[in-house]
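Engineer: Below is the structure I would like to discuss, written out as structure tokens.
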Amino acid sequence: MTVIVPIHGPAPALAPAPERVGVLLVNLGTPDSCDTKGVRVYLREFLSDPRVIENQGIFWKLALNGIILNTRPARKAKDYQKIWNQEKNESPLKTITRAQAEKLAASLSDRSHLVVDWAMRYGNPSMRDRIEALVAQGCSRLLVVPLYPQYSAATSATVCDQAFRVLRELRAQPTLRVTPPYYRDDAYIDALANSIHAHLATLPFKPEMIVASFHGMPQAYIEKGDPYQSQCVATVDALRERMGLDDKKLLLTFQSRFGFDQWLQPYTDKTIEKLAKDGVRKLAVVMPGFAADCLETLEEIAQENAEIFMHNGGEEFSAIPCLNDSADGIAVIRQLVMRELEGWL
């Protein structure tokens, strides 16, 4: 009898499980509470960052600890109280950033090795806590996503600073990538245009013009080489082209100046005041540089600047919501993330 013994080749190698990749969305920050104490803690951290206030000399430190932190927190606490999410006992920025991370994670649910999280540069959840949490979950690669369409040393760069500050204390560091600014990305410009059209369609009036208001910064920072202003201009130029508007129908301004130095101009509040005095009666304001609504959009623009407009003769005013966690807003972030994850997936 002949016995045939089957010959088996080597067992096929199992494909290695994909490495876990952390995706960390980062926005500016928020106090933990809307009382004076909570705002003081937040402002101390924020205003002590040399990327934000570049001259951190003895005179600034005396002013910060002697005057600013003893007067400004009470005023800003009142502003936060006007917009505070009472149900969750947190700022809208925290609520929205969490929602952005959750919806981004849901849109990437078919990629089980991706772990999406979120953090604040100042305040909580801190970048340190969330980076350490991602590493503890086995993420050997980390994509940090600064939620700023336009780059500035005072925003995007300080996110990088903090990420490296955390990583340099780790023995086993994850590989790190950081998403670039997306100030002219088609998806971003399309999302802005869509959000403006959608919001205007809900209004009982037609604005005579639209103001595009960006967070300001000291003019001196631009003179030192910060590209922020040029990127804001590029965003508005692209938005004008997409919407078929000229520079008289879509204006570019800068808000939120602080201190006595000259900041980027034209100033939003002064422009809105002049428009009203010049006879503009119906106005809308969009804030393209903010990925999520926050104190600067919900209180400074939607309340303070609306009051300025009305007080000087304006009749109808509307602040257009930021992209937030809208479908278009999440699509912008998702495209940015997927592009930067190439080679890791």
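Placed from the backbone N, Cα and C atoms, the Cβ positions cover glycine too.
Sharing the features that Swiss-Prot gives for it:
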{"type": "BINDING", "residues": "His215, Glu296", "note": "Fe cation binding site"}
Engineer: So if I draw a 10 Å sphere around the Cβ of His215 (Fe cation binding site), how many other Cβ atoms end up inside it?
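Structural biologist: Step by step: centre on the Cβ of His215 (Fe cation binding site), count other Cβ atoms within 10 Å, giving 26.
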Engineer: Going by DSSP, give the three-state secondary structure for His215 (Fe cation binding site).
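Structural biologist: It is in a strand.
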Engineer: Provide the number of Cβ atoms within 10 Å of the Cβ of Glu296 (Fe cation binding site), excluding the reference atom itself.
Structural biologist: 23
Engineer: Going by DSSP, is Glu296 (Fe cation binding site) part of a helix, a strand, or coil?
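Structural biologist: Where Glu296 (Fe cation binding site) sits, the three-state DSSP reduction gives helix.
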